[in-house]
Each structure stands twice: as C-alpha cells, then as structure tokens.
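*Asks:* Can you keep this structure in mind? I'll have questions shortly.
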Amino acid sequence: MGAGSSTEAEREPLLVPSHAETNSPPVNSRVYGRRWLVLTLFSLLGLMQGMVWNFWGPIQNSAVHAYGFTKSDIAVLVLWGPVGFVPWLLFMWLMDKKGLRASLLLSAFLMLLGAALRSIPLTEQHFRRWLIHVGQFLNGLAGPTIMSAGPFLSTTWFAPDQRATATAVASLFSYLGSAASFVIGPLVVPAPNDTQAATTMVAAVSDSSIRDRIQLVMYAELAAIAVLFAAVLLYFPSRPPMPPSVAAASQRLSYRSSICRLLSNLRFLMIALAYAVPTGVIAGWAGVLDMVLTPAKVSQVDAGWIGFWSIVGGCVFGVAMARFADSIRGMLKLILVLMLAGASLSSTWFTLTCLSTFTHLPSTAAILYTSCILVGIFINSSVPIFFELFIETVYPVPEGITCGVVTFLGNLVTGLLLFFLTFYCTGKTGIPLVSIIHVL
C-alpha cells in the first residue's frame, strides 16, 4: 500500500511536465531557412577574427625586418587575443540581457576599428607599431563573443538533430581563419631569407617590398570586415520568431545564478580543465608556430603549411565527429577520450622527434610534419564535442555563459604560455613549448 502510494506520488510530478513539454511547445516550434544565413554571417566573422589574430605569427621573420619587431613583440601581438578575454563577463552579460545581435554588433565594430587602426600607413615606425598593437587588442576584445556564442546560436536557431553540427561550424570557423593566415601570410608576404647576404641598398628595397605586401593583406582584411559589419548591421536577428525546439523555448537561469551554478559544479570544472589546458596550449603554440619550428630548420612557408593542415584537419574532423554525435547521442565522453589519447600520442611523438639529439630517434621532415599536424587535428577537432558536453552537463545554464567561462579559461592558459614566452625568446624556443605539450 505504502509502496503503491509512493510510486504514484513520484510519477505524477514527472508525467505532468513531460506531457506539457512534449505536446505544447512542438506545436509552436519551427525551423527557419534563414538560420543558414545567420550561421554564415557569424562563422565568417569568426573566420576574420581568427585571421587577424594569427596574422603576425606566420610572418614573424618578415615582420622583424619590415617593422623592427622583436620575437618578444610577435609573442605580445599574439598575446592580445587572450588579453581580450579579460572583460568576458561584460560580453556574456550583454549576450544574456540584450541578445546575440547586440553582442555581435559590438564585437564586429571592435574588429572593424582594430583593422582600421592597424592599417593606417604611418611613416613613423614607432607610432605605427603602437597602432598595430592597439588594433590587435581591439580584435582580441571580439573574442569572447565570437568564440563563445556558437552553441548559443545553434540552440537558438537549429533543431536538436542539427545542433552539434551547427556548433561545430560556428566554433571552428575562427580556427579556420587562423589556418588561412598560415597560408595567406607566407604566400603573399616574402620571407627575408636572402637579405643578410645582400647589400644595404638591396636589403632596404626588400624591406619596403615586405611592408607593401603586409599593408596589402591588412587592407584586404579591413575591407572584408567592413562588408561583414554592414551585413550584420542590416540583418542579424537575435532569435527566430518561433523557437526550433523545446530546449530553445525553455526557461533558463539568470546571469548571476548561472555563474554561481558553474563555479560550484565540480564535474563541470573538471571537464573545463580538461578542455582549457590542451586547447589553450595548442592555440598559443600555433600562434608562434613559425618561431617554434625555426630551430628545427623549418622555413616560414613550410611552417605555415604545417599550421594550415593541422587546423584545417581539425576543423574537418571536428565537423565529422559533430555530425556523428548528432546521429548517436550519449557517446560524447568516449569520443573525447579517444581524441585526447590520440593527441597525447602525437605530441609525444613530436617531442621525441624534436629531441632526437638525446633520444637518437629518426628525425625527418615527414615525421616532423605528420606528428605536428596530428596534434592539431586531434585537439582542434575536440572543441565542438567539448561544447556539447558542457551544455549537457550544466543545463539549464544558458549556452553563451557556459561556453564563455570555458573559453576564458582556455585563453587564460594561452595567455600564460605566451606571457612566459615573451621572457624566453632564444634560438631554443621550440624545445620548452614542445615539452609543455608533451606534459599534457
């Protein structure tokens, strides 16, 4: 009797909400075709933000000759990306209170202003370097929204069976922008490999040519960002007229309650640590990849191709894994374990290859390239899967706030790595950075 009464009491509260959730909201749910336009605009902004952030690392040898930068300056230029995450709480609050349109418009404007400032062709090199630093910092301020809002956009606009794929596309396009910089920079901007043996007059002409090519790329990026800003200004709604799913229409926690819930959730913090350390290290490492591989006798162009294929491979593999996760739910943890295991083996292989003097293992260009590319593929492809796992772990915390916290932690790791790198920029820079990845 008591058991029967207890069972009814336990069942009734569960059955009523379930009936309301499964019958009422789907009647008013709808998926709009314009969601692809929204995703495209957001992804292209992420592409440009990643390109501007990773502009100087792949051409660091050319930048040293053209503008008088030091290796520490290059590390600081890359460091402005993580520094831009310092006011991340402000951007997450704006997204939560005013919607994605307001937050994205502000981020796009900061990108436009930063790209314009660094493109001003001043003849005084000291002031020119300052404008470049300010431009990189403003571009970094767009990072909290660009890198965190992908899951929020996918939940707001896409049906559940497309959500992981949309998250992967929105999240990985900023990485694809970094990959594009690895190719565009070294191909358009000439490397000053032969200037040391040339006369002073030839070296001066070469430096002027390098500056002209760098200026050309910066103008092109400025024009692309201006077009995207105008497009977002004309049309980028915060949400569709009707939600695409029950999850999109459900009530979420407030901003303050969400932060408290995240910081008190031990499981979330452990997963966040597993995300932040490898992705943060690989992001900072990729930003100065040319500097890292210079001691291994890898040219600026070859280093660019290594960075390109490692990121592009991660993006393609990440979208494929996200599509697989859309089809088979409940396997996110297993997928992540396999990816991180592959990253650990690849980074160990890469480290031992770079330390061939001590390990006496074969060190060829093919081995170096393959191991380095595999590290990027395994770690970069794990990003959208991590985001989906975060959302499932802390629901009903809003997706933008959740991913804002973890991307801040990842950029904190990146910032610490680049900060210490500014104090250690000798010819052996590659060894400690590789060792850090090996520790992971």
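A Cβ is built for glycine as well, from the same backbone N, Cα and C atoms used for every other residue.
Any TrEMBL annotation is an automated prediction that lacks curation.
What you are looking at is a predicted structure, and each value in this text was computed from that prediction instead of being measured.
Pulled these features from TrEMBL for this protein:
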{"type": "REGION", "residues": "1-21", "note": "region 'Disordered'"}
{"type": "TRANSMEM", "residues": "36-56", "note": "transmembrane segment"}
{"type": "TRANSMEM", "residues": "76-95", "note": "transmembrane segment"}
{"type": "TRANSMEM", "residues": "102-121", "note": "transmembrane segment"}
{"type": "TRANSMEM", "residues": "141-159", "note": "transmembrane segment"}
{"type": "TRANSMEM", "residues": "166-189", "note": "transmembrane segment"}
{"type": "TRANSMEM", "residues": "216-236", "note": "transmembrane segment"}
{"type": "TRANSMEM", "residues": "266-288", "note": "transmembrane segment"}
{"type": "TRANSMEM", "residues": "303-322", "note": "transmembrane segment"}
{"type": "TRANSMEM", "residues": "334-361", "note": "transmembrane segment"}
{"type": "TRANSMEM", "residues": "367-391", "note": "transmembrane segment"}
{"type": "TRANSMEM", "residues": "403-424", "note": "transmembrane segment"}
*Asks:* Name the range, of those listed as 141-159, 334-361, 403-424, that has the largest tally of Cβ pairs under 8 Å with the transmembrane segment (266-288).
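*Replies:* Ranked by Cβ pairs under 8 Å, first place goes to 403-424.
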*Asks:* Determine whether the transmembrane segment (141-159) and the transmembrane segment (216-236) share at least three Cβ pairs under 8 Å, counting only pairs 6 or more apart in sequence.
*Replies:* no
*Asks:* Using Cβ atoms only, state whether the transmembrane segment (216-236) and the transmembrane segment (403-424) have three or more pairs under 8 Å that are 6 or more apart in sequence.
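*Replies:* No, since the transmembrane segment (216-236) and the transmembrane segment (403-424) share fewer than 3 Cβ pairs closer than 8 Å, they do not count as touching.
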*Asks:* Mind checking which residues reach the transmembrane segment (36-56)? Cβ under 8 Å, same chain, six or more beyond either end.
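*Replies:* Here the qualifying positions are 63, 69, 74, 77-78, 80-81, 104, 107-108, 111, 114-115, 135-136, 139-140, 142-143, 146-147, 149-150, 153-154, 157-158, 166, 169-171, 173-182, 184-185, 217-218, 221, 224-225, 228, 231-232, 235-237, 286-287.
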*Asks:* How about long-range neighbours of the transmembrane segment (303-322): same chain, 6 or more residues beyond its ends, C-beta under 8 Å?
*Replies:* 58, 164-165, 167-169, 172-173, 175-176, 178-180, 182-183, 185-187, 286, 289-290, 292-294, 335, 339, 369, 372-385, 388
